[in-house]
Amino acid sequence: MNRIAQTFQRLKERGEKALVAYVTAGDPDLDKTREILVGLKEGGVDILEIGVPFSDPTADGPVIQAAAQRALKTGTTLSRILDMIQDLRKIIDLPVVLFGYYNPIYAYGTERFAERAKAAGVDGLLVVDLPLEEAEELRGKTDSKGLDFITLIAPTTSEERMCRIARRAQGFIYYISITGVTGTATPSRDNVEREIRRIRTHSDLPLVVGFGISTPEQARELASLADGIVIGSAFVRLIAENADSPELAARVSSFAREIKKAMQE
């Protein structure tokens, strides 16, 4: 059982839900990203989702797009991110999921990437612009290294396609709670509840809800429907607002603690 499965099992036994936190690697720089990730762990985050910056992040809203541009300007690369994760593994045992686009992985080399990601301590991969039908080559490489290939299901996903995605899912299923890009709308509880029931008929894997969750109240409400939630834009916005502050990691940690507390109420 890998770190992702162990985490969901442990949380289930405790009657808790997973807080998955997304940050863009290299924003404001990789040294501070490392400090932020440590702060997230101290704040009670259960799974770290580390974004690989890309120049054309079509699934991301303006907050994360801006973070990607800042990270690229500081020279952040996939190779340097993997180095950071490997260094982070000396002090953090939380599951790490890489979130990004296919282009940087393709440019790096899929086999080389899978080997390096495994060696660095990555547990899962979510490639937002790689549909199921086009993922087999990369997935073959990641499967051979024991990395979970995490898949997305959206409100617009048909029943037939949902069934196919669910059958091939690993680690957990990521349900996109809104149509559009990250951080730009608020999910409807009724819609999310209905879609989660639909997904659960096709898979027993843990299910997390992401996109549009930014407050403790939203976290509490949506966590009650799923096995966990993902918060991204709210963390990235907080990082941007405090990038030059010596209290950056502490403020991110405090916000994580506030979210996690709300999820337990």
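In case you wondered, yes, glycine gets a Cβ from its N, Cα and C as well.
Per Swiss-Prot, the features are as follows:
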{"type": "ACT_SITE", "residues": "Glu49", "note": "active site, proton acceptor"}
{"type": "ACT_SITE", "residues": "Asp60", "note": "active site, proton acceptor"}
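The distance from the Cα of Glu49 (active site, proton acceptor) to the Cα of Asp60 (active site, proton acceptor) comes to 14 Å. Counting every protein chain shown, 25 other Cβ atoms lie within 10 Å of the Cβ of Glu49 (active site, proton acceptor). Within 10 Å of the C-beta atom of Asp60 (active site, proton acceptor) sit 27 other C-beta atoms, taking all shown protein chains into account.
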